[in-house]
Amino acid sequence: MYASREDIGYDFGDDSKVGSKPIKPNPNIDGGWAWMIVLSSFLVHILIMGSQMALGILNMEWLEEFNQSRGLTAWVSSLSMGITLIVGPFIGLFISMCGCRTTAIIGGILNALGWILSAYASNVHYLFLTFGVTAGIGSGMVYLPAVVMVGQYFQKRRALAQGLSTTGTGFGAFLMTALLKYLCTEFGWRNAMFIQGAISLNLCVCGALMRPLAPKDLREKYVVRSDSEENRAKALSHSTETIKSNGVLSEEPEKKEEAANEEVLGSVQHIETGGKSGSGRSLYGLRILKTVSQLTITVRKGFALWYSSYFGAASLFTNRVFVAFIIWALFAYSSFVIPFIHLPEIVKQYNLSRQDNVFPLTSIIAIVHIFGKVILGFISDLPCISTWNVFLMANFTLVTCILTLPLMQTYVGLAVVCALIGFSSGYFSLMPVVTEDLVGTKHLANAYGIIICANGISALFGPPFAGWIYDITQKYDFSFYIAGLLYMVGIIFLLIQPCIQKKQPREKSTEEAQV
């Protein structure tokens, strides 16, 4: 039901399919260290997404502490959630230059710093900067590499691996809700955030586990060129081929610049090895020049690859199916995060705090969310099941629950709806799979960065909008109705996807005939 990477042709080495041979499989693909990557991604989802799903506890503390409107206070949580996802495309640039491991470690430090600085907040606007921006950017720098690494290490059981790793969101929401409740009760919300910041330093350990695959292993899922000269050109100037295939720049200037850079590095190495009789100061200066030259090449290659993926003539945005997916993402995520932020307040209004203290509604969503991700991921891996159909059915179920939640005013009714929300939202584990099948593994980092960026925009405006509607109507009903209707608009764009996709093979064959 959805296009594969071969259909769309985003593997920029398509011309290499002729006269090629498969690469010997790496034992770490679909096994070995791949399961450590799943564990790392699982812990990242606990510490980042799980913590964000539990922010409703802190939201109530901030309302009491700073005595601001619900709409303004909700911006703290929504900034953290939104920025985590919005920075995705820019984190793709960091991944292209530094790799997933380095990016994740730096992000873990930033995230912990944001939590710790927020413990000293004197007003809501201070939290906007420390918790919303600082912790949000740090979370984004860890979250995207955690998703991308699972996609790189798995091929046959990709949906199941993503499902297992992303169950950390459900576990985290359940654990962090209980933890933050306990810490706020025993130590106050400020000390709770300080302790949470210390816990978040474990994200650096998760990043250290993200061992990068060798370039030849990354190409294992594809067919590579057998000609050694072409392989050398692809290894040394991958960004050159990408830009050429996109029609952004010609090949000759890039080849000249590549040769010039290699000449500079070669001359530096020659002087270092043959000029031992020279002064130590000169050798030190040459080493600096060599380091700067290598860094410049790395940055230019990473930026060229990142730029061509987003803005090239054959960029991701020329794929109409992917554009429809982006439009859906702009409306979908807010319907999921609004209950987590505002359900504690709704429970208080309905005088259901006693039952909710025994078993919080947000914990029900979190627990069932775990099973939803695993079950939907397992079903999608079955050969007779279409991942796209499973994805659509889960979306329909979720939007129905969002529209019916305001009608439930008893704990049992709310619990049933929350359980359905948790299970149907398990489709999040399918999003990387659907994205990778649309654009291919090579462009998963950039493409999924765009998708989570759209989700971030949705999360950024969703909770404040719901709080603003409450400030006007003194009810949350209209917040859920409007969010559900917007969500339905996004699903309609997904429904027209098969019609768009059917036109693509004919267009592709026409272009090949012209060539």
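Each Cβ is built from the backbone N, Cα and C atoms, and glycine gets one as well.
Just so you know, TrEMBL annotations are computer predictions that nobody has curated.
Noted in TrEMBL for the protein shown:
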{"type": "COMPBIAS", "residues": "237-248", "note": "compositional bias 'Polar residues'"}
{"type": "DOMAIN", "residues": "37-502", "note": "domain 'Major facilitator superfamily (MFS) profile'"}
{"type": "REGION", "residues": "229-255", "note": "region 'Disordered'"}
{"type": "TRANSMEM", "residues": "33-55", "note": "transmembrane segment"}
{"type": "TRANSMEM", "residues": "75-95", "note": "transmembrane segment"}
{"type": "TRANSMEM", "residues": "102-120", "note": "transmembrane segment"}
{"type": "TRANSMEM", "residues": "126-148", "note": "transmembrane segment"}
{"type": "TRANSMEM", "residues": "160-180", "note": "transmembrane segment"}
{"type": "TRANSMEM", "residues": "192-210", "note": "transmembrane segment"}
{"type": "TRANSMEM", "residues": "321-341", "note": "transmembrane segment"}
{"type": "TRANSMEM", "residues": "361-379", "note": "transmembrane segment"}
{"type": "TRANSMEM", "residues": "386-405", "note": "transmembrane segment"}
{"type": "TRANSMEM", "residues": "411-434", "note": "transmembrane segment"}
{"type": "TRANSMEM", "residues": "446-466", "note": "transmembrane segment"}
{"type": "TRANSMEM", "residues": "478-496", "note": "transmembrane segment"}
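Using a cut-off of 8 Å between Cβ atoms, the transmembrane segment (321-341) and the transmembrane segment (361-379) share at least three residue pairs, counting only pairs 6 or more apart in sequence. Among the recorded stretches 33-55, 102-120, 160-180, 192-210, 478-496, the one sharing the largest number of Cβ pairs closer than 8 Å with the transmembrane segment (75-95) is 33-55.
Beyond the transmembrane segment (446-466), the same-chain residues lying 6 or more positions past its ends with a Cβ under 8 Å from any Cβ of the stretch are 71-72, 74-75, 77-79, 81-92, 143-144, 147-148, 151, 306, 309-310, 316, 322, 325-327, 329-335, 337-338, 341-342, 431-432, 435-436, 438-439, 476, 479-480, 482-483. Taking Cβ pairs closer than 8 Å, the transmembrane segment (192-210) reaches residues 36-37, 39-41, 43-44, 47-48, 51, 58, 100-105, 107-109, 111-116, 118-119, 131, 138, 142, 145-146, 149, 179-180, 183-184 in its own chain, all 6 or more past its ends.
At the 8 Å Cβ cutoff, the transmembrane segment (33-55) and the transmembrane segment (386-405) share fewer than 3 close pairs (sequence separation 6 or more) and do not count as touching. Per-residue pLDDT, averaged across the domain 'Major facilitator superfamily (MFS) profile' (37-502), gives 78. Residues 40-41, 44-45, 48-49, 52, 62, 75-76, 78-88, 91-92, 94-95, 100-101, 103-104, 106-115, 117-118, 162, 165, 193, 203, 206-207, 210, 432, 444-445, 448-449, 452 of the same chain, all 6+ positions outside the transmembrane segment (126-148), place their C-beta atoms under 8 angstroms from a C-beta of that stretch. The stretches the transmembrane segment (386-405) and the transmembrane segment (102-120) are not in mutual contact, being linked by fewer than three Cβ pairs under 8 Å (pairs 6 or more apart in sequence). Within the same chain, residues 50, 53-54, 56, 159-160, 162-164, 166-167, 169-174, 177-178, 339-340, 343-344, 347, 385, 390, 394, 414-415, 418-430 sit at least 6 positions outside the transmembrane segment (361-379) and bring their C-beta atoms closer than 8 Å to a C-beta of that stretch.
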